[in-house]
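If you check Swiss-Prot, you get these features:
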- 12-46: disulfide bond (DISULFID)
- 24-43: disulfide bond (DISULFID)
- 32-64: disulfide bond (DISULFID)
- 68-97: disulfide bond (DISULFID)
- 75-94: disulfide bond (DISULFID)
- 83-115: disulfide bond (DISULFID)
- 6-66: domain 'Kazal-like 1' (DOMAIN)
- 67-115: domain 'Kazal-like 2' (DOMAIN)
């Protein structure tokens, strides 16, 4: 079967307004999603992951250690290894983020440096 889901589910029912629009307070309580993106608060997380093609869960109650918001599909060759939860070494943030994206949020950062 599928691997056990990582992270914790966020109950977004509290934030649903009329229709599909969610109005969020300007609260700064960052959380990190399993897509390795930092959301400014839980409400924004709900608003922005509502229409994702896969379920995003909450990885941690802080900003992400490795931010996967801006990275390219073509990665450079620089070597700053990151260890993925799949036990693989990724040569740098870019290749790690691409793997996270492909895995639909099932791979997360195990540690900085080689596994």
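Cβ coordinates come from backbone N, Cα and C, glycine included.
Per DSSP, the domain 'Kazal-like 1' (6-66) is made up of 11 helix, 9 strand, 41 coil. Mean predicted confidence for the domain 'Kazal-like 2' (67-115): the pLDDT average there is 95. Counting Cβ atoms from all protein chains shown, residue 115 (disulfide bond) has 14 others lying within 10 Å of its own Cβ.
In sequence order, 10, 12, 15, 16, 22 make up the list of same-chain residues 6 or more apart from residue 46 (disulfide bond) whose Cβ falls under 8 Å from its Cβ. In terms of DSSP secondary structure, the domain 'Kazal-like 2' (67-115) contains 10 helix, 9 strand, 30 coil. Looking only at other Cβ atoms within 10 Å, the busiest spot among the disulfide-bonded residues 32, 64, 75, 83 turns out to be 32. Residue 43 (disulfide bond) sits 13 Å from residue 32 (disulfide bond), taking the C-alpha atoms as the reference points. Closest to residue 64 (disulfide bond) by Cα-Cα distance, out of the disulfide-bonded residues 75, 83, 94, 97, 115, is 97. In this structure the C-alpha atoms belonging to residue 68 (disulfide bond) and residue 75 (disulfide bond) are separated by 13 Å. For the pair formed by residue 94 (disulfide bond) and residue 83 (disulfide bond), distance between Cα atoms is given as 13 Å, rounded to the nearest Å. Note: the CA-CA distance between residue 83 (disulfide bond) and residue 24 (disulfide bond) rounds to 34 Å.
Cα of residue 75 (disulfide bond) to Cα of residue 24 (disulfide bond): a distance of 35 Å.
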